[in-house]
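Structure first, commentary second.
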Amino acid sequence: MQIINDPTEMQKTAESLRLKHQFIAVVMTMGALHEGHLSLIKLAKERAGSVILTIFVNPRQFGPEEDFQRYPRPLEKDASMARSAGVDYLFAPDPELIYPEAFQTQVSTGDIATRFEGAARPGHFDGMATVVLKLLLLSKAHLAVFGEKDAQQLAVIKQMVRDFNIDTTILGAPTVRESDGLAISSRNIYLSSEERKQATVLNESMCRARELLHMKQTDCKLIIEEVTKVIASAPDAIIDYATIVDESNFRETAILKPDINYLLLLAVKIGSTRLIDNGVLRVSQQDV
């Protein structure tokens, strides 16, 4: 595995791979690698001859009250995990190389990024999309793999790629979960042992929503009421939002209609740790 820190070197390496007709896949991370990231790398390796892993803790997608300074940065451990997973190139630039002093341009992500995570974290999606665009250009990837746990982020990236006619296919990968259903996340390390036990209410609430769906309940208000009850059973849980949206446009819906994919979106603070998760809800025509 080759480790690259310089953006110009990364771009030249990617150009050389393209000239050799290598199919390139990129997996973008902020480091602190875990099983979820490894599943993205595995998916990339199944589809590409060359896999680039990027590790970059992007200052532009953290708000002033968020955890940029304390975000874990175990680069040596990450590099070892990446090597074992079969990554070909690890691109780990310093922030000043991605955002030099003269850097001025930023992506404006528009309507899809104004709600939910966008409302809770102003500027987050613009900062995220800016670095994703830059990393797509530097990696020259044919394919980019992102986790479905960050569902709104995935939707914003797909919208940007469509709008700018970027010749990279965006592939969503299923959320990887612990044995008790908690979505694997780098931020889980912030949870105390008691908070970790309580964090399972996110997955439990999604299971409750699906139970209601099987009972032919399609009223979103009633489903969310039940979801909220499950989450509220955890004494340290504070709900930021719990809502159901149409997966195609991230707009809230009142009634679930047949054969349309909806997402139950959750953002919940357990103690001081903010967790997000989502699950697909779909009513089949035969169940109506």
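Cβ coordinates are placed from backbone N, Cα and C, and glycine is handled just like the others.
Taken from Swiss-Prot, the feature active site, proton donor covers HIS37, and the record attributes it to sequence analysis. When other Cβ atoms within 10 Å of the Cβ of HIS37 (active site, proton donor) are tallied across all protein chains shown, the result is 27.
Under the DSSP three-state reduction, HIS37 (active site, proton donor) is assigned to helix. Taken from Swiss-Prot, the feature ATP binding site applies to 30-37, 147-150, VAL176, 184-187.
Around the Cβ of GLN61 (beta-alanine binding site), a 10 Å sphere holds 21 further Cβ atoms from the protein chains shown. Residues or ranges marked as beta-alanine binding site by Swiss-Prot on the basis of sequence analysis: GLN61.
Marked as (R)-pantoate binding site by Swiss-Prot on the basis of sequence analysis: GLN61, GLN153.
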Out of the binding-site residues listed (GLN61, GLU148, GLN153, VAL176), which are within 10 Å of HIS37 (active site, proton donor), Cα to Cα?
VAL176
Per 10 Å Cβ neighbour count, which of the binding-site residues MET30, LEU33, VAL176 ranks highest?
LEU33
Least Cβ-crowded entry, counting other Cβ within 10 Å, from the binding-site residues listed as GLN153, SER186:
SER186
Cα separation, LEU33 (ATP binding site) to GLN153 ((R)-pantoate binding site) (Å, whole number):
18
Provide the three-state secondary structure of SER186 (ATP binding site) computed with DSSP.
helix
